[in-house]
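Engineer: Dumping what TrEMBL says about this protein:
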type	residues	note
SIGNAL	1-17	signal peptide
DISULFID	CYS26-CYS31	disulfide bond
DISULFID	CYS348-CYS377	disulfide bond
DISULFID	CYS427-CYS449	disulfide bond
TRANSMEM	584-605	transmembrane segment
DOMAIN	634-777	domain 'TIR'
Amino acid sequence: MRTVVFLMFVLLSMTHSVSRPQCHSCERTSCKCSRQNLTKVPAVPSNVITELDLSFNRLGIITSDDFVAYTSLRCLIMSNNRIRVIQEPAFNPLTNLEKLDLSSNRLDSLSAGWFKNLASLQYLNLVGNMYKTLGQGNLFQSLKKLKSLHFGGPHLQSVRKSDFSGLSKLEELFFDGEKLQVYAKGSLRQIEHISHVTLSLNGPFMTNPALVKVILTDVAHPNTTLTFTDTLFYKEDQMSPFHVVSDNGTKSLILKNSTMTLTACLTVLKMLSQSDITVLAMEDTKIQLIILGPVTAPQKVDHLEVLILKNIDIPRYYSYPVLFLLKPILKEVQKLTLIHSKLFAVPCKTSGDLLDLEFLDITGNLITDLVLREMMCNGNGVLFNLQTINISRNHLRSINSQLFTKLDKLKNIDMSGNIIYTMPETCNWPPNLQYLNLSSMHLEKATTCLPTSLRIIDLSYNDLTGFNIELPLLTELYISGNKIKSLPDGGLYPRLSFLSIQNNDLNAFSKNDLKTFKILKNLEAGANTYDCSCDFLAFMTSDLTNHRITFGDEFKSYICDSPDAARGKTVADARLSVFECHTALALSLLGLGILAVFLLFAGLCHRFNVMWYMKMTWAWLKAKRKPKLKKGEFEYDAFVSYSEMDSGWVEAHLIPELEQSEPPLRLCLHKRDFVPGSWILDNIMNAIEKSHKTLFIISKHFVRSEWCKYELDYTHFRLFDQNVDTVVLILLEPIDKETIPKKFCKLRRVMNSRTYLEWPDEDNQINRFWQSLRAAIRRPVDIIRFNVDE
Ligand SMILES: *[C@@H]1O[C@H](CO)[C@@H](O)[C@H](O)[C@H]1NC(C)=O
Ligand SMILES: *[C@@H]1O[C@H](CO)[C@@H](O)[C@H](O)[C@H]1NC(C)=O
Ligand SMILES: *[C@@H]1O[C@H](CO)[C@@H](O)[C@H](O)[C@H]1NC(C)=O
Ligand SMILES: *[C@@H]1O[C@H](CO)[C@@H](O)[C@H](O)[C@H]1NC(C)=O
Ligand SMILES: *[C@@H]1O[C@H](CO)[C@@H](O)[C@H](O)[C@H]1NC(C)=O
Ligand SMILES: *[C@@H]1O[C@H](CO)[C@@H](O)[C@H](O)[C@H]1NC(C)=O
């Protein structure tokens with residue numbers, strides 16, 4: 001029975017692991033398995049996975065063993081699935097989990113048991129599910145380290161005091177109470193001083209402002225930034241909860257993704273007029289030009305310092321003088337951000353009221369040169385406290401420096417992203433200008449328009465082909481995204497510590513180029529068309545590490561464009577061959593090598609008489625090609641090879657004895673029978689060919705004589721080919737065989753193995769000598785021929 005259960009268990013666990021899907025988008029420690037139609041938690045690829053993103057899948061039920069193998073997990077995202085059920089122990093293995101996102105699922109009840117083991121959890125998102133309450137109470141009791149809690153949704157009806165027990169460290173709270181009906185007073189008060197509270201309370205604002213008041217009383221605190229989001233503010237009486245904001249001393253208030261009537265807007269401003277609000281922001285908000293009932297114009301907001309209006313949508317904005325209405329609250333504002341809101345006009349008179357303004361950001365509006373001129377009162381002096389102005393991404397067509405000339409405090413001007421094509425030769429900037437952003441325009445040339453007071457200049461993403469304006473105080477230079485071919489001359493920028501020149505047409509730079517920059521610390525020069533010469537590669541990979549300059553951008557963005565061998569490779573990966581790197585050295589080494597081989601070859605030739613062998617082979621081949629003489633066709637009986645020194649003996653003894661004997665033998669003597677004018681070797685070869693035998697008169701002279709060597713040579717060579725019998729050796733005097741050169745090995749062997757004729761010392765032996773010699777030379781050929789052939 002036990003074995004059956006065990007087998008079933010094994011089978012079950014096997015089928016279980018087999019049926020788990022795989023996530024194919026895992027990196028080393030993180031799996032991004034979003035939008036893969038997963039219906040089950042995928043199998044774990046390795047046990048070091050710390051991040052698992054399962055959002056936008058079709059998970060329905062989370063089972064107890066889904067995460068058993070994910071013990072290292074720190075971040076688990078399961079938003080936008082169809083999760084209805086989570087088995088109680090499902091998250092138990094995740095003791096290291098810090099972030100859990102279960103938003104936008106179908107959970108209709110929450111259980112404290114899920115979080116029992118999640119003592120490390122810091123972020124929890126439960127927004128957008130179907131639960132009506134936060135479980136049975138004490139839901140978050142175990143989450144001692146929770147810092148950020150997002151809860152609520154379209155079904156949440158009631159919040160009780162016990163729901164938040166145990167939470168103490170919370171820094172951020174998002175509360176979606178769109179349909180909230182019951183809120184137990186003091187519930188959120190238990191969590192002390194949450195620094196960011198975001199409330200989405202559209203329903204209560206509409207139907208039960210008192211409920212909102214109760215909630216606000218619990219969270220509104222001077223040190224808490226309050227955000228209201230996703231809300232429609234319509235009528236005046238809806239706005240009464242803002243009294244709490246004002247009374248409890250809230251300093252930062254943000255209205256986000258809301259729709260407001262003009263009535264609601266003016267009511268809020270009125271309520272805040274005597275509050276401690278210092279930061280007021282409206283983001284992604286639509287203001288409807290509807291006025292319901294009597295409204296008073298807004299008054300000054302006493303402590304307002306920062307006003308942020310971002311993405312404000314005012315339908316029919318052309319007919320509405322926004323700034324005129326805002327005027328009273330702008331009076332003491334120091335920072336005004338009014339971006340992406342179709343701002344198209346700022347009267348000179350309005351700017352005249354912004355006496356305290358230090359920071360003005362009007363990015364992404366409809367400001368033209370004309371509007372700017374009006375705003376700056378034609379450059380006659382306004383906004384005297386301004387330190388920073390951001391006019392980026394508007395519709396400016398010229399630099400307009402003269403409009404700012406009188407602003408002594410102005411240090412930073414950002415005009416990036418306008419449609420400016422040229423820079424005048426001279427400009428009139430404010431005297432203390434330090435930062436100028438002229439990036440993302442269409443400038444083709446930088447001129448002396450740039451003031452020498454600049455510390456930071458950004459000219460990235462223009463059409464510059466070079467940059468050589470002297471700026472003695474400059475510390476940061478941004479010229480990425482142009483068409484610059486070489487590094488600027490560092491001598492013009494003695495204070496430069498940062499240079500960004502990515503994405504240009506830079507081919508290379510050298511140590512010397514960088515040396516001109518006296519105190520450069522940080523260089524960003526990736527994404528250029530580098531010519532990866534050996535010097536450059538060496539400089540980039542080794543020299544530079546000893547250098548004081550560091551690369552601010554990723555080293556892998558330094559990619560070679562040439563030579564072909566390195567194209568597309570990063571500077572770190574590119575390798576050039578030694579030959580490419582040290583051409584001159586390599587060439588001379590190669591030359592030396594060739595010379596050495598040649599010398600070695602010549603030496604070997606000499607040592608092993610290669611030339612001799614070659615010469616002989618050639619002669620032998622030539623001889624072979626000639627038709628062989630038949631035995632009867634020999635012209636001579638013997639060719640006599642002898643040294644000149646031995647000619648006395650030859651003439652006195654040999655010739656008379658052999659040629660005048662009976663029958664006479666025909667001898668071939670070089671003196672007599674060689675054809676004058678022919679090459680000596682040819683003559684010798686001919687003579688030997690035409691002779692029945694070759695007679696060597698060997699003496700000490702013979703061995704030493706150059707002349708005889710040819711004959712000896714050739715004969716010796718023929719010995720390989722032909723019958724040894726053709727050679728007759730006569731030793732005129734006793735001779736040491738060792739004196740015969742080694743290459744005549746065969747001859748030496750012949751001398752060793754065969755008897756040779758020795759010129760006798762005693763006279764009575766001479767007759768026998770001649771007899772033997774004649775016998776050795778005579779050819780029996782004729783007789784044989786007659787006998788056989790006939
Ligand atoms: C998921 O399913 C949808 C509809 O069935 C299909 O269009 C989509 O391509 C699928 N996505 C993946 C990653 O399989
Ligand atoms: C608000 O925060 C400041 C510093 O951030 C702190 O000094 C002050 O005590 C806090 N006020 C309250 C009432 O907690
Ligand atoms: C903005 O609020 C509306 C409801 O007023 C909501 O439907 C929408 O999803 C919200 N948008 C964002 C980006 O939160
Ligand atoms: C807000 O003010 C009310 C009334 O003065 C006070 O009871 C409450 O404690 C304050 N809320 C916070 C969070 O301090
Ligand atoms: C100006 O606004 C742009 C866009 O928001 C921003 O990137 C830039 O840093 C701002 N410049 C200054 C000087 O604040
Ligand atoms: C210049 O403006 C661009 C675009 O607004 C911005 O991205 C960049 O960071 C700014 N440059 C500097 C040096 O602040």
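Heads up, the Cβ atoms here are built off N, Cα and C, so glycines get one too.
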Engineer: In Å, rounded, how far does the Cα of CYS427 (disulfide bond) sit from the Cα of CYS377 (disulfide bond)?
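Structural biologist: CYS377 (disulfide bond) has its Cα 18 Å from the Cα of CYS427 (disulfide bond).
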Engineer: Return one of helix, strand or coil for CYS31 (disulfide bond), based on DSSP.
Structural biologist: strand
Engineer: Looking only at C-alpha atoms, tell me how far CYS31 (disulfide bond) is from CYS449 (disulfide bond), rounded to the nearest Å.
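Structural biologist: Cα-Cα, rounded: 52 Å.
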Engineer: Cβ atoms within 10 Å, counted per site: which of CYS348, CYS377 has the most, among these disulfide-bonded residues?
Structural biologist: CYS377
Engineer: Take the C-alpha atoms of CYS348 (disulfide bond) and CYS449 (disulfide bond) and report the distance between them in angstrom, rounded.
Structural biologist: 26
Engineer: Return the residues near CYS449 (disulfide bond) by Cβ distance under 8 Å, restricted to its own chain and a separation of at least 6 in sequence.
Structural biologist: ILE399, SER401, MET423, PRO424, GLU425, THR426, CYS427
Engineer: According to DSSP, does CYS449 (disulfide bond) sit in a helix, a strand, or coil?
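Structural biologist: In the DSSP reduction, CYS449 (disulfide bond) maps to coil.
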Engineer: If you average the pLDDT over the domain 'TIR' (634-777), what number do you get?
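Structural biologist: Overall, the domain 'TIR' (634-777) comes to a mean pLDDT of 75.
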Engineer: Where CYS26 (disulfide bond) and CYS377 (disulfide bond) are concerned, what is their Cα separation in Å, rounded?
Structural biologist: 59
Engineer: CYS26, CYS31, CYS427: which of these disulfide-bonded residues has the highest Cβ count within 10 Å of its own Cβ?
Structural biologist: CYS31
